[in-house]
Amino acid sequence: MDRRTKIVCTLGPAVASADGILRLVEDGMDVARLNFSHGDHPDHEQNYKWVREAAEKTGRAVGILADLQGPKIRLGRFTDGATVWENGETIRITVDDVEGTHDRVSTTYKNLAKDAKPGDRLLVDDGKVGLVCVSVEGNDVICEVVEGGPVSNNKGVSLPGMDISVPALSEKDIRDLRFALKLGVDFIALSFVRSPADAELVHKIMDEEGRRVPVIAKLEKPEAVTSLEPIVLAFDAVMVARGDLGVEVPLEEVPLVQKRAIQIARENAKPVIVATQMLDSMIENSRPTRAEASDVANAVLDGADAVMLSGETSVGKDPHNVVRTMSRIVRFAETDGRVPDLTHIPRTKRGVISYSARDIAERLNARALVAFTTSGDTAKRVARLHSHLPLLVFTPNEAVRSELALTWGATTFLCPPVSDTDDMMREVDRALLAMPEYNKGDMMVVVAGSPPGVTGNTNMIHVHLLGDDTRIAKL
């Protein structure tokens, strides 16, 4: 059986060519991430075109995710591009626009001198370098280096515990969001989500642009952890972005936040991505550490829909080897491991139908579960149950097919609109009997809505034998 957990790859200089992206798709990339913290609009547009071309050449559904920078606080630029801060040194972080030196560098957060107070921590580059505020002098925050290390242009700064006042969407984010929607991306990821209301800000701009796509909440702030379930309900999917999360909340809490987020997302049929430093050592090395292999496998066994690669594919030495390695780890975890069953009891019609379809298919030892969907909702409700049976999803909507590239286990087929159950079964026969792994007489359990084409109308389970016009059950 094909790998069920999806792989998200961040695009960047290491794969910035038509051939590089085609090879990523062939290696196993399911979703391409355009990181708007780096690159410019022409770069992202070119990568977008290459992904669409690669998907067409391979016949695979490949989603494209635009990841907005969000109100990320960063250092400015250094005259020499980089420097190394040693323990005990005094560094001035200024809100003035200056060319950075070893001792003084600017920040993008213009209220820092107002908000900072002695004792506050400033963590640079996902916490690799640590500073403590000693005093504030005018526009400069005077800091002592308590954890030294290299720093370079535009590195991120986290301010754990500091009450900061930044909007959910910066002016840059709004420009990038409008550009990404016009470009045609399949998902928008919103960084540093703090409240369920943040989703409404994105939806407002989407409505102005006349195009709605799924919005992914990146869980990186303590406020998001506190409001985890309301945020999951307000957004279409979630990403456990462990880099910033691990410096904003105590490091030891991150594994349990990951497990809680996955559990809540599964209960609500929302796709969930686990991200950051999954195979980080492979940016430089040809093999991952044992801890990294365990990390990927545990994300799979927690029930994640997707695992994400960042610098490993965007700037790594051998991005193709990284994707193949991750795919092997995932496959082995899926083959010999087991995802815990959902303890959540469904109380909606669609939820109960999806549970029942899974149970019927497994009890009858069917060859596969088949879902017909116009919105993707039916497929997501079946996928969250993590059946050992293949999940084959038919949709007449190209955008939904791309969206389901992020959903666990979903193998998608684009089909013409169907008008009744007989049409559905003909489409199933046409597609599956052309595949070597399926034969006439194979049993399929089909879950769909009747009449077809009505969003949110999942109300039918149908047991079908491939190539057989006689329906043996309709429940």
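Just so it is clear, glycine is given a Cβ too, placed from its N, Cα and C backbone atoms.
For THR276 (substrate binding site), the same-chain residues that are 6 or more apart in sequence and have a Cβ closer than 8 Å to its Cβ are ASP126, ALA241, ARG242, GLY243, LEU245, GLY246, MET308, SER310. Residues annotated as substrate binding site in Swiss-Prot, with similarity to another entry given as evidence: ARG33, GLY243, ASP244, THR276.
According to Swiss-Prot, the ATP binding site annotation covers ASN35, PHE36, SER37, HIS38, ARG74, LYS155, on the basis of similarity to another entry. Around the Cβ of ARG74 (ATP binding site), 17 further Cβ atoms fall within 10 Å across all displayed protein chains.
Within its own chain, SER37 (ATP binding site) has ASP67, GLN69, LYS72 as residues 6 or more apart in sequence whose C-beta sits under 8 angstroms from its own. The K(+) binding site feature in Swiss-Prot is assigned to ASN35, SER37, ASP67.
Sequence annotations record features per position, and here Swiss-Prot assigns Mg(2+) binding site to GLU220, ASP244 based on similarity to another entry. Note: GLU220 (Mg(2+) binding site) has non-local neighbours SER191, PHE192, VAL193, ALA241, GLY243, ASP244, LEU245, GLU248, i.e. same-chain residues 6+ apart with C-beta under 8 A of its own C-beta.
Annotated site 'Transition state stabilizer' per Swiss-Prot: LYS218, in sequence order. In the structure as shown, the Cβ atom of LYS218 (site 'Transition state stabilizer') sits within 10 Å of 23 other Cβ atoms. DSSP assigns LYS218 (site 'Transition state stabilizer') to a strand in the three-state reduction.
Rounded to a whole value, the Cα-Cα separation of LYS155 (ATP binding site) and LYS218 (site 'Transition state stabilizer') is 19 Å. Counting every protein chain shown, the Cβ of HIS38 (ATP binding site) has 17 other Cβ atoms within 10 Å. Secondary structure at ASP67 (K(+) binding site), taken from DSSP and collapsed to helix, strand or coil, is strand. Of the candidate binding-site residues, ARG33, HIS38, ARG74, the one lying closest to LYS218 (site 'Transition state stabilizer') when CA atoms are compared is ARG33. Highest local Cβ density among the binding-site residues ASN35, PHE36, ASP67, LYS155, GLY243 belongs to ASP67, counted as other Cβ atoms within 10 Å over all protein chains shown. The secondary structure of LYS155 (ATP binding site), as reduced to three states from DSSP, is coil rather than helix or strand. Residue environment of ARG33 (substrate binding site) contains 27 other Cβ atoms, counted within 10 Å of its Cβ in all protein chains.
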